[in-house]
Amino acid sequence: MAGEPNKAAIPCFFPSFACKQLMGEDTLEWHNDEDNDERRERSYITHALPGSLSPSSSSSSVSKPSSSTSSITLASSADPRRLSVVSRPPTAMDPYKYRPSSAHDSSFWTTNSGAPVWNNNASLTVGTRGPVLLEDYHLLEKIANFDRERIPERVVHARGASAKGFFEVTHDISQLTCADFLRAPGVQTPVIVRFSTVIHERGSPETLRDPRGFAVKFYTREGNFDLVGNNFPVFFVRDGMKFPDMVHALKPNPKSHIQENWRIVDFFSHHPESLHMFSFLFDDVGVPQDYRHMEGFGVNTYTLLNESGKAHYVKFHWKPTCGVKSLLEEEAIRVGGSNHSHATKDLYDSIAAGNYPEWQLYIQVIDPDHEDKFDFDPLDVTKIWPEDIVPLQPVGRLVLNKNIDNFFAENEQLAFCPAIVVPGVYYSDDKLLQSRIFSYADTQRHRLGPNYLQLPVNAPKCTHHNNHHEGLMNFMHRDEEVNYFPSRFDSVRHAEKFPIPPPVLNGKRDRCMIEKENNFKQPGERYRSWAPDRQERFIGRWVEALSDPRVTQEIRSIWISYWTQADKSLGQKIASCLNVRPSM
C-alpha cells in the first residue's frame, strides 16, 4: 500500500474473498485465510485515512491475487497502527429487536449493509479523469436509494402536516361506551394527528379553497382507533359509489392538468345533495387561516356501545380553544404567495415555542330507536344534526405538544383508516362510511405495502398477536413454530367478546337512494344565518364559478334552480348576476 502514516484498521467481519474493499488510492488485494478462523478474527484491513496520502500515491491500481496469500497489509490486534476510532462491535444493534434508527448511528459513514465508507465525495474511476467503474457499489447504492425516495402520493389528502400529543377525558360518558380510552375522566391516550388539504398535490399552497383533513390516531390499550374526518361536518355525496367520480371531477383536467370550474359544476349539477357541502366550501370558512384555528369533524355517523350492548349513533366534533379563523381571497393570495407551507410552519413553530394547540372533543348522540322522528336520515353524511335538537356533549381535550421527528416516517408513512376501531366504538350503516372502511386500507396497501401497519407510526403500542405474517417489507420478528390457529402447542386464545350493534336487516337486495333526501333545507338555513356581507361574498364565489366560459346555460339554470329551492332570494341574486332567468 502507498503511504504508511496515519493508518487506521477496520475490523474484518467478512467471509474470505468477500473482503474486496476498494479504498480509493490504496492498492488492495485479497487475503485468503479460509483455513485459519483464529487468524481471521485477529486480522484487520488497514488503509490510509483521508488526507494522509502522500503526493506520490495519486495513481491507483487494483490487482487480483495469483495465490492464496496476497500483498494486502494486515495488522494484528496488537499492532500499534490499529486505531479504535473506527472499531465497533458487530452486534451494536439487533434489528430483530430494535428498529433501525439514528440512535444506532456509527461514528463513521457506512453502506446500507453496514460496511465502512471512507470516501463519500468521489466516484471510483480509472485514473483521475477516467470512466466511473460499475463496481463502485457505494455509488450505485446511493443513486438507487435516491431514485426511490418518493413513494406514491396519496390520491387525496396528499399535502399534510402531523404532530403528536395526547387526548384526555374530561367528562364521563361510560354510560354510552365501554371503550377503554374513554372509561373515566383523567385518562390520557397518546395520539398523532395529521392535517391536510384534500384535492391538490403534495407541494400545493395551503391557502387554496379546498376541504381540510383532520385525522386522529389514538394509541389505546385496546389497539388503535382512527378518527378520520374533515374540517366540515358534511360531505359532497352520500354513497361511496360516487366517490371516485367526485374526486375525478374535483381533480385537474386529465388532458391539461388544470383544475377547472366547468368540470366541477357539471358533475355536481347531477348531485343536489352537494349543496350543503358547498355552503361550507364557498363560504368564508372555505380557506382556514391555519390548522390551529380549524374545526374538525368525524363527518360520518359512528356507533357507541356500552357494556350492556346498548347502541347510540354518534357524531364527533373538534372545537379549537383558540377559535376559528379563516382567510378571505386577497389575504389568502398574499399568504400563499409568500409561503406555500404557511400552515405547516405555523403548526411546527407553535409547538416548538410551547404554544400547544388544543381542541375540545364534543359528541352528538341519537338513540337509533328514535331516528325516524327527524326530517333527515341520521346516516346521511350530507346532513348535520342540528345542535338545538341534538345538543353537543363535552368528552375531552386534545393537546398537541410534540413535533414529529421525521416528516417522511411520521407524515408520509402515517396511514389512517376508518375501519380501525376499538371495542365500544363501531361503524354505522352510513353508506359512505361503509365504502371508506375498504378504500382507506386498500390505498395504504398500494402506497406503503401490505405490512404498512408494522411501520412504527402505524403500529399499536399495546401487545398484539395474530398470524398475519410475511409479505413485502415484513419486518415483524417472529420465532414461534406455530403460525396457525387453533393449536394445542400455543396457548393463545380468543379475546373476550365485546358488544357490537345488533343486526337490523329486513329487505331485498337493491341499489337505491335514501328516502329522506331533503337536499335544500339545511343549505338554505345556513345561508340565512349569515350577515349580508357574508352572503354577498358567497354569491360572488358562485357567480365566478358559473361564469366559466365552458359552463352551459343548462348547467347555470340547474344551479340557479337548486339555490332557489334552498333560498329564493339567493337563487334570484345569482340569476341576476348571470343574466339568467330563474326557474324551478
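Glycine too: its Cβ is placed from the backbone N, Cα and C atoms.
The compositional bias 'Basic and acidic residues' annotation in TrEMBL covers 30-44.
Among the features that TrEMBL reports, region 'Disordered' is placed at 30-97.
Taken from TrEMBL, the feature compositional bias 'Low complexity' applies to 52-78.
Taken from TrEMBL, the feature domain 'Catalase core' applies to 110-493.
For His157 (active site), the Cβ neighbour count at a 10 Å cut-off comes to 23, with all displayed protein chains included. Marked as active site by TrEMBL: His157 (among others).
For Asn230 (active site), the same-chain residues lying six or more positions away in sequence with a CB closer than 8 A to its CB are Val198, Pro211, Arg212, Gly213, Phe214, Gly296, Phe297, Val299. Look at TrEMBL and you will find Asn230 (among others) tagged as active site.
The feature heme binding site is assigned by TrEMBL to Tyr440. Within 10 Å of the Cβ of Tyr440 (heme binding site) there are 19 other Cβ atoms, across all protein chains.
The CA atom of Tyr440 (heme binding site) is located 11 Å away from the CA atom of His157 (active site).
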